Number of protein chains: 2
Amino acid sequence: MNTLGSFTIRKLTGLSAFRTGMFRLLRSVSGITVFLMGPILLVSQGTRDYNPKQMAIREKVFNTIVSCFKRHGAETIDTPVFELKETLTGKYGEDSKLIYDLKDQGGELLSLRYDLTVPFARFLAMNKISNIKRYHIAKVYRRDNPAMTRGRYREFYQCDFDIAGHYDPMIPDAECLRIVSEILGELDLGDFHIKVNDRRILDGMFAVCGVPDDKFRTICSTVDKLDKMCWEDVKNEMVKEKGLSEEAADMIGQYVSMQGGMDLAVRLLEDPKMSQSKQACAGLSDMKQLFSYLELFQVTDKVVFDLSLARGLDYYTGVIYEAMLGPAGESLSVGSVAGGGRYDGLVGMFDPKGRAVPCVGVSIGVERIFSILEQKAEAEKVRTTEVQVLVASAQKNLLEERLRLVTELWNAGIKAESMFKKNPKLLSQLQHCEESGIPLVAILGEQELKNGMVKLRTVATREEVRDSCVCVCVCNSLIAIKSRQC
Amino acid sequence: MNTLGSFTIRKLTGLSAFRTGMFRLLRSVSGITVFLMGPILLVSQGTRDYNPKQMAIREKVFNTIVSCFKRHGAETIDTPVFELKETLTGKYGEDSKLIYDLKDQGGELLSLRYDLTVPFARFLAMNKISNIKRYHIAKVYRRDNPAMTRGRYREFYQCDFDIAGHYDPMIPDAECLRIVSEILGELDLGDFHIKVNDRRILDGMFAVCGVPDDKFRTICSTVDKLDKMCWEDVKNEMVKEKGLSEEAADMIGQYVSMQGGMDLAVRLLEDPKMSQSKQACAGLSDMKQLFSYLELFQVTDKVVFDLSLARGLDYYTGVIYEAMLGPAGESLSVGSVAGGGRYDGLVGMFDPKGRAVPCVGVSIGVERIFSILEQKAEAEKVRTTEVQVLVASAQKNLLEERLRLVTELWNAGIKAESMFKKNPKLLSQLQHCEESGIPLVAILGEQELKNGMVKLRTVATREEVRDSCVCVCVCNSLIAIKSRQC
């Protein structure tokens, strides 16, 4: 399809239907391309529906994450999916071109939120909140090139946890790292590690290596590419594209290859060059402090002080971090699964008097996690409902009795259903249980009805009991099934 | 501000800030209006942030609703917040003007979803699903006139439950009504009632009253206004604006004043005029059937067959319903809190071969419910975190010990926090517990540390115990607190 010019593509209404795959819309008839029009059956590029199985996986991941956030005492907030365009302007640097704007339909100029951090800062300033520990789970929007098999979408979830307030240094920062570690551990994604660095250490390093002040941010962006490019290419970009001197680049090269723990911070504090930068020293002392708290939080084995970590966003002012799957030094291709850092200046940008509220936070990259877990679950059977019992009938003309019984079960708070047919076959009722994993069937028959009883069958074992007190019987059987599974 | 022309308003960047209310941006200086520019601190018109207290209420409502949907065996899906514009085109009649479009930034033409029903139908057709019981909770978007105090927003949640598939008539329809009844009962909103009608009964009624075929839909829209306008005004609109004969209007007037239960359906089946319409008879027989199922589902006391109920949307084909707060005949001003009906033709509009999938569903109007519950909770204290224990210190220099203990508690799955200060005052730690409702404080002191113990205090009663096994002690105390509260 790429041979069609974009003009042609735009002129053909409904053309996006050719991507549906449900029926052939495009044929080549003696060399002439013919479009067969049909209903539109698509979602927008870079977005997707979640089917029930995917939703079951998503719910499990969210439950793990929210439990962790709540264990750490967070409240939650929500903000609108779109913000005034001005709110987002000037916050994302080059990436601003990826913001989705709404059409001007007469009224305000609006944009879809790009992350949850800027709306959070706006919320704090607008409500004059100077300290809060909050989480926010919601979708954000970026007009980026999607790579959907690797979990990169244009509409995707972010799970953010942030701590705002004036506190003693590095305590909230360390708690954020503990949270990342708890979540990635509990999600059972295999080995992982978290890289940390500090924007002040980076800036100090740039200064002592002789990078001119006005090139800090652009050189920082180049350093950020070290996870995807080799050092030679990164150096090339610095020297040839960004006009840095070869000596400065080489010196940076030495530093960014360093990895370690508290020991590295101690060593660099004594480094003849680094120690000349006040900024670097402030960052390094805090890094030392951070590692001492990480020790108390029992997560030092997961955290690596890595001078090559730079992070893309402009608003970071202190500690930054990024979590990768795989053991340290062997990041898997999936990219980072969590990231964040300290941003002490953002709230002040929204405050009329510029009052700053220091913040530190972390964002869990759940889409990549979903992708991994979905691939793992491909062959598995995942239950998508929680029905505990199906009310079935063995003979015809028992619809009323079934509906009466299912009502009793609902009244008792039991998750139950009955088929929407007047006379379903027993076999198809039992098949439905097996397909959707319903553990129990309550079977009504004329004989049982005469005796005021019901037959309860455990689907997996085919064991049967007869009882008159169906609700109690269902509850007991469910407890029995549960204890057998334990 | 309305005296400014829209041109002027558009030209003044940042002007929306005048609505912020945080600082005066607009002053009248000797008759000349002066704009003081400042940072933007607003959310878009008709949208709102949810603060932690509002989120706590929202979570409770969602839990009630989701539990009910799951009790009835529903799976869940999710769809993107925007759809291809074509997907929404031609589905909402006059209301299409309220759809939010995205700006054409080169690529597809996109619109924010207007409801969850059309995306659901698109999802079914796209994935060739012919039967499913699913719920979907998500935000939808309408460029309507907001009335935020009454819970009417431009961005608002819908909680939809739908049953798709070819089944015996009225069984799924009755289950939807049972679900509405369960949810409104459990949310404890006071008395409520559900009006039901059927599009076929309405159309049959229009036919026997002499409404021309091509005026069915527009007369139906006028009838729909009976919940806000008196009969005289409705009749006027029919006769003067829509050109209906006075006799036809009067005849309609007689029918739409009728309310009842199964008896009314039986009576109308024998009505000399109504019985002439095949459509009306089909609808009335089904209504009879519906009431017999509602009886089995134990909800007839909540349901009223009301011939004035019409519903706005075009896509309904059978049963329709709407739930109101207040006893029958005395609807409260809050408007409907749930609504839905049968739409057997919508999925076919998306299917290349026009294959129909009959559907019936209900949407819970949670924003109105939030508004009511928020107003109720205004004076109440609502906990916004779930922290079970605060780790505090009675003396200085115990930060490390606090962090070590809080880590142990997290490891044991206990929701715990400690203040982010090196040396917080005991009083401020205790105050924090009272403010945020934390039931327990674990207090570290030098004496206790020497003995390898911790003091655990119940905040409300000030009871104290000393123990070395803090995790177990916390758990036991929480159980004790819980059982006291029961």
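Backbone N, Cα and C atoms are what each Cβ position is placed from, and that goes for glycine too.
When the candidates B:R142, B:R178, B:R355 are compared with the L-histidine site entry in TrEMBL, which names B:D115, B:L116, B:T117, B:Q158, B:D162, B:R311, B:Y315, B:Y316, the shared residue is B:R142. Residue with the densest Cβ environment among the binding-site residues B:T117, B:Q158: B:T117, by other Cβ atoms within 10 Å. Pairwise Cα distances among B:D115, B:L116, B:T117, B:R142, B:Q158, B:D162, B:R311, B:Y315, B:Y316, which the record gives as the binders of L-histidine, peak at 21 Å. In the three-state DSSP scheme, B:T117 (L-histidine binding site) falls into the helix class.
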